[in-house]
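Taken from Swiss-Prot, the feature compositional bias 'Basic and acidic residues' covers 11-20. Swiss-Prot lists 389-399 with the feature compositional bias 'Polar residues'. The SUMO2 cross-link annotation in Swiss-Prot covers K13, K403, K496. Residues or ranges marked as domain 'SCAN box' by Swiss-Prot: 42-124. Annotation source Swiss-Prot lists domain 'KRAB' at 221-291, citing sequence analysis. The phosphoserine feature in Swiss-Prot is assigned to S185, S299. For 1-40, 260-282, 358-399, 488-513, the entry in Swiss-Prot reads region 'Disordered'. Feature annotation from Swiss-Prot assigns zinc finger to 406-428, 435-457, 463-485, 522-545, 553-575.
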Amino acid sequence: MPTALCPRVLAPKESEEPRKMRSPPGENPSPQGELPSPESSRRLFRRFRYQEAAGPREALQRLWDLCGGWLRPERHTKEQILELLVLEQFLAILPREIQSWVRAQEPESGEQAVAAVEALEREPGRPWQWLKHCEDPVVIDDGDSPLDQEQEQLPVEPHSDLAKNQDAQPITLAQCLGLPSRPPSQLSGDPVLQDAFLLQEENVRDTQQVTTLQLPPSRVSPFKDMILCFSEEDWSLLDPAQTGFYGEFIIGEDYGVSMPPNDLAAQPDLSQGEENEPRVPELQDLQGKEVPQVSYLDSPSLQPFQVEERRKREELQVPEFQACPQTVVPQNTYPAGGNPRSLENSLDEEVTIEIVLSSSGDEDSQHGPYCTEELGSPTEKQRSLPASHRSSTEAGGEVQTSKKSYVCPNCGKIFRWRVNFIRHLRSRREQEKPHECSVCGELFSDSEDLDGHLESHEAQKPYRCGACGKSFRLNSHLLSHRRIHLQPDRLQPVEKREQAASEDADKGPKEPLENGKAKLSFQCCECGKAFQRHDHLARHRSHFHLKDKARPFQCRYCVKSFTQNYDLLRHERLHMKRRSKQALNSY
C-alpha cells in the first residue's frame, strides 16, 4: 500500500475505488477515447487534489496529463503557452462580477479579454469599478469552485437587522477582503493571514473614533455602500487612487452616483436617527439633475491624517475662473498726433495694403493710421467716423464696435479684424483697374499683372512677313497675314489702282482669257508671278524666295529639306506611295 507524504492525508484503501474526476459544471463528460477540451483540462488541473491519486507519482503524472491537455505543447509555441498562462491569471484577478461575464465571452488571448472588460466599463448605466485590494495570496480559480468551509460558516445578517443596528461595529479590512475571523492560534501556519489579523486588531482599537455610513434598508450592501474604516498603517499601504476610493465614497454596481465634497447647502434633509450621517441619494432621484456635494472634512469621526489628505486633494482641484480686470482705455487717445479730426483727414488719403501691413506689426503695441481704439462714449465713436457712415449709424442706433477697429477710407466700413480689412481693400482694388497697357490698351488692377502682360508683347516672334516686316509667334498667324498681301488690289499702289479702275470703265468688261485659262488673281510681290490659288503662291515663296531660311527637316529618301515638319511628312508620303506601287508591280 502506498504511503502519503502528509501525515494528515491518507492514501485510499485498496478496496475503495479511486474518486472519479468530475466534469466542470455545464459541460457533458467527454466520451471514452475522446480528448477533453482545453477549458475542461484547465479546470480539472486547477481542481486536482492529492487525495484523488493513489500516490505521489500518480498525482504528478496526472497533473502532467491535465496540463498537457490544457496547454497542448505539441500544437502551441512558447509564446502561445505564455499567452494562455497570462490570460488565466488576468481572468483570475478580475472582480467576481466582471470575471463571470468575461469568461462567458471565451476570450482566446489577453487582448480580447482586455477589450471585453473595456467594453463593459464603457457600457452606459453600469459603471463597473475596479476594486483594488491590498496584496493577498493569489488563488487561481475559475469562479465556479465552492466556498471554503470557514467562509460557508460565516453568518450572513439580513438587511433588516443591519439597517436597524446603527451602532454596529465598523467594517474592518479583513472583512472587506473576505478573510475569516480566526484566533491567533489558528493562524500560526499562514503568515499572510497573520498580517491580516494584526491589521484587524489595530483597526478594532480605532473604532471609538470612526463612524460608519448608514444607508436606507433598500440600498444596504455589506461592502459597496459603506465607508471603510482603516487604521493609519492601512492607509499608508494604499496608493492615492485607492485612498480616494475607500476614503470618500464607493460607487456601487447598480448606481453611478458620486457625492463630491464642498457642497453643504445641497445636502438632503436628515431624520433624527441620521443627523450625523450623510445619505447616499437614489439614482432615479438624480437623473437629469445636478449631483449634490457632501463635505467630509468637518466630520469629527475622521482621522487627522485623513482630513489632511483630503484637503490636499481638494487643493489640487481646478479653481474657478476669475474675471480678468478690464483695462481702462483713456478717452483722449486718438491716432496721428492726438487730434480727433486727424483721423478724418487721414481717411481721405489713398490706402494700400502695403501701408496697412507695415503699420501694424504688433497689434497690441502699434496701431496703424487707420486702426482706431474704442472711444469713451457713443458720441465720440460717431465723431471719428465719416459723415456718410455717421448718418447711417444715427438712423440705426448705437454703434457697436470692438476695442480695436479698422475704418475703410473709401466706403467708411468698420472692421474688427485686420485680416478682413485687408481683404476688403483688395476687393476694392480688384474692382478698380488703373493700370493700362501701352501696346494693346488692356486694363489691369495690379502693376505686377501689367508687367507680366508686357512680357508677352516682348516675346520672340521668329515668323516675319517679308512684305511689310511684321513678326508673329506662330506660323499660322503669318500665313493668315500673307493673304492680305496676295490680293492684287492691295499690292498695287493707290494711284495705279485708280488708273486701272478708270481704264476698265472706259474699255468695258474684259474678255475672257485665251485657251480657257482661269484668272490669276494671286501675284508674288517679289517676282511678279501670278497664281490661281493662294496656297500655290505660298509654296512658290517658300521654295524660291525663302532659300536663306533654315530648313532643319531633311527628307531621308531625297535631298530636299523643309522648314516645317508638316511639309516633310507630306513629302515622305509621296515616296511611300511610289515605293508601294513598285512593290506591287514587282509581283
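Note: Cβ is positioned from N, Cα and C throughout, glycine not excepted.
What you see is a predicted model, and the numbers here were worked out from it, not measured in a lab.
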When counting Cβ pairs under 8 Å to the zinc finger (522-545), the leader among 406-428, 463-485, 553-575: 463-485
Composition by DSSP (helix, strand, coil) of residues within the domain 'SCAN box' (42-124): 62 helix, 0 strand, 21 coil
For the domain 'KRAB' (221-291), mean pLDDT (0 to 100): 47
Summary of DSSP states over the zinc finger (522-545), given as helix, strand and coil counts: 12 helix, 4 strand, 8 coil
